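Over in Swiss-Prot, the protein carries these features:
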BINDING   GLN13, PRO14, THR15, GLY21, ASN22, GLY149, GLU150, ASP151, ILE208, LYS217, MET218, SER219, LYS220, SER221  ATP binding site
MOTIF     14-22  motif ''HIGH' region'
BINDING   ASP137  L-tryptophan binding site
MOTIF     217-221  motif ''KMSKS' region'
Amino acid sequence: MSAFKPLVFSGVQPTGNLHLGNYLGAIKKFVALQETSDCIYCVVDLHSLTAQLVHEDLADQTRSITAAFLASGIDPKKHIVFNQSRVMQHAELAWIFNCVARIGWMNKMTQFKDKAGKDRENASLGLLAYPSLMAADILLYRATHVPVGEDQKQHLELTRDIAQKFNNDFSDRIARLGVGVEMQVGEETVNGFFPITEPVIGGPAARIMSLRDGSKKMSKSDPSDLSRINLTDDADTISKKIRKAKTDPEALPSEVSGLESRPEAENLVGIYAGLAEMSKADVLKEFGGQQFSVFKPALADLAVEKLAPIAGEMRRIEGDRAYVDAVLRDGGERAGVLAETTMKTVRDIIGLLQG
């Protein structure tokens, strides 16, 4: 077992409105984790520059994500909520990790291939190095656990590789300075400065698909607003989008295996499961054999019950810009203290001249 103090870190990019997929796949999990763990939740505004350098409303989008965190129930007094660019040590450690990571590792990242597409030569260096910054975000606070979606699992594996390589490359200095922590890596007990961070994955609705196409992930970039439920949608809009969600003509099955090859049905059952905190199997025990004309109204009622209060609270919080800025400022100051403590030791381990 790791001797590191358990700590959860996760971040969300401030690019576009948050939607149901973000809520069930990430934010709802953030809220649950804060009951059992110390947590740091970050609006990763520097990451948003990797795909698009010029933004018209980056500051307002940062406030909007923060408002969503707070409206969903994240407590900024018990935990830390801040935006990444307030803490300069993220960029400092990312540069060091650029020197630890291997180009071959980066070239294997499927998300870079997907986002760069066929025009890789015109992709930004920041997009290629995105996983190094993500590793720095996590390891700057020596976080032991990170809630991640399936699309970020590979990046977290790279974070673990970077931590292990740093620990191995500087093992003698870490031991000499007495800053190592004994931990279990596989079957081996090792001494390292950075933890080998564990993913927190899963839940019945970890991956939410488009309401218009069950084969595509729900996305804020989809041109059809009917494809997603935004966290800012009011009750009437939520109900309308669920009523119009694409389905097939068959009744719901009684077993989860019956959802195979029925992506839209599986998606709606998954949404119900995530909102109700049930398994898909339990949802089908209740609704198996019934038509979507029965299931959709029940899902709409549940979604309105769970999501409409968040939308209302988001609007209230976004209207108090001074409060949102104060939360981010306070969180940034607290995060900065932790970050500088880590970086002082990292500089000593590397041998950079300080003071």
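Cβ coordinates come from backbone N, Cα and C, glycine included.
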Distance [Cα-Cα, Å, rounded] between GLN13 (ATP binding site) and ASP137 (L-tryptophan binding site): 13
Candidates ASP137, GLU150: member of the binding-site residues with the richest Cβ shell (10 Å): ASP137
CB within-chain contacts under 8 A for THR15 (ATP binding site), separation at least 6: SER48, GLN52, GLN61, LYS220
Rounded Cα separation (Å) that holds between ASP137 (L-tryptophan binding site) and ASN22 (ATP binding site): 19
Lowest local Cβ density (other Cβ within 10 Å) among binding-site residues: GLN13, ASN22: GLN13
Close in space, distant in sequence - MET218 (ATP binding site), Cβ under 8 Å, 6 or more apart: HIS19, LEU20, GLY21, ILE208, MET209, SER210, LEU211, SER227, ARG228
Residues GLN13, PRO14, THR15, GLY21, ASN22, GLY149, GLU150, ASP151, ILE208, LYS217, MET218, SER219, LYS220, SER221 [recorded ATP binders]: greatest CA to CA distance in Å: 20
The motif ''HIGH' region' (14-22), counted residue by residue under DSSP: helix, strand, coil: 3 helix, 1 strand, 5 coil
Cβ atoms near ILE208 (ATP binding site) (within 10 Å, other residues, all chains): 23
